[in-house]
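Some features that Swiss-Prot has for this protein:
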- Gly12, Thr13, Ser14, Leu15, Asp16, Gly17, Val18, Asp19: ATP binding site (BINDING)
Amino acid sequence: MKSGRYIGVMSGTSLDGVDVVLAAIDENMVAQQASLTWPIPVALKEAILSICQGQQLTLSQLGQLDVKLGALFGEAVLALMHQENLHPQDIVAIGCHGQTVWHEPTGDAPHSLQIGDNNQIVAKTGVTVVGDFRRRDIALGGQGAPLVPAFHEALLAHPVERRMVLNIGGIANLSMLIPGQPVRGYDTGPGNMLMDAWIWRQRRMAYDKDAQWAREGKVIIPLLQTFLSDPYFAAPAPKSTGREYFNYGWLERQLAQFPGLAAQDVQATLVELTAVSISEQVLLSGGCERLLVCGGGSRNPLVMARLAGLLPGTEVTTTDEAGISGDDMEALAFAWLAWRTVAGLQGNLPSVTGAREASVLGAIYPANPRHNQS
């Protein structure tokens, strides 16, 4: 198997930065060695957000965004390589998820579109890149998401303890690691996405640090009930969603029924939406003894406190306490998925995505052999 050092790259639905992780990976271990977060320029972030909310653009504009984002990913990887004094031949491959701008896994022509030209990353770094992870699963009848539960199973499953892993990025997703049962998982709904969108529009802040603003407000129960009446929350698994659905336009449509609300009350209610929609799915799935939380939302003390309050009898903690950085989990997962692709191993879990069969995922963008001798 192609063991060695891999790099994972993930920007996520929150667009709060490009996470880059270096790890040593083989069939027995995933050992994180270094990481960094690379900033996304505001203009690029806003252009991506506009696409995700359905704003029309020309093919030329889409092509330019694809190249610019790929170049940014390449710069982020180079920064990590320079930080760790690494050369191209030291890295087997880079696993790059890309930036999802549209995810529509149902209908006549199911699809998922990520941008961030992987050729740009290869050209800048001299390292082979593995990308386009989702579309094979969709071609096999799956949702193409979530893909991270397979990684959660490999690292965090316990032989006796009922565990669930909760990733709170822009979207929140659950992985159910129940002994003796196939792994299941799906997107529960918005994680940080709506909270971040609201504070960005209201206060031009990227996120609500330590939930300081939300703590100034109060939960508006009728508004929360309106949020939760969206059909996505009651839809059966397998299911997945993204910014093309839960975006600022969605929030505006709900708020139109409640004119004059204080902005901080809306923020407090969005925190409660995230916590309630997650906890309901945990309970509907039979509950767990330990809920291991990762992603940006694990750093939100109000979200964590509400989850603990809504899930009595469950130990709500972070993956950091299990030895895996919650901030780097998704980037690490795509480094691991790149390893599986290079090794010719299946990367999806049909019990999670609904695909007809397990499959090797992704496309390989090989580096020039003179650069990449791994």
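Any Cβ shown, glycine's included, is placed from N, Cα and C.
Note that this is a predicted model, so its numbers are computed, not measured.
Fewest other C-beta atoms within 10 angstroms, among the binding-site residues Leu15, Val18, are seen around Leu15. Contacts of Gly17 (ATP binding site) defined by a Cβ separation under 8 A and a same-chain sequence distance of 6+ are given as Ser11, Thr37, Trp38, Pro39, Ile40, in order along the sequence. In the three-state DSSP scheme, Asp19 (ATP binding site) falls into the strand class. Residues Gly12, Thr13, Ser14, Leu15, Asp16, Gly17, Val18, Asp19 make up the record's ATP site, and a Cβ search at 8 Å around their centroid adds Met10, Ser11, Ile40, Gly169, Gly170, Gly296 from the same chain.
In the three-state DSSP assignment, the secondary structure recorded for Gly12 (ATP binding site) is coil. Listed binding-site residues: Asp16, Asp19. The one with the lowest count of other Cβ atoms within 10 Å of its Cβ is Asp16. Its own atom aside, the Cβ of Thr13 (ATP binding site) has 23 Cβ atoms within 10 angstroms in the protein chains shown.
The Cβ neighbour count for Ser14 (ATP binding site), using a 10 Å radius over every protein chain in view, is 23. Neighbours of Gly12 (ATP binding site), defined as other CB atoms within 10 A of its CB across all chains, total 23.
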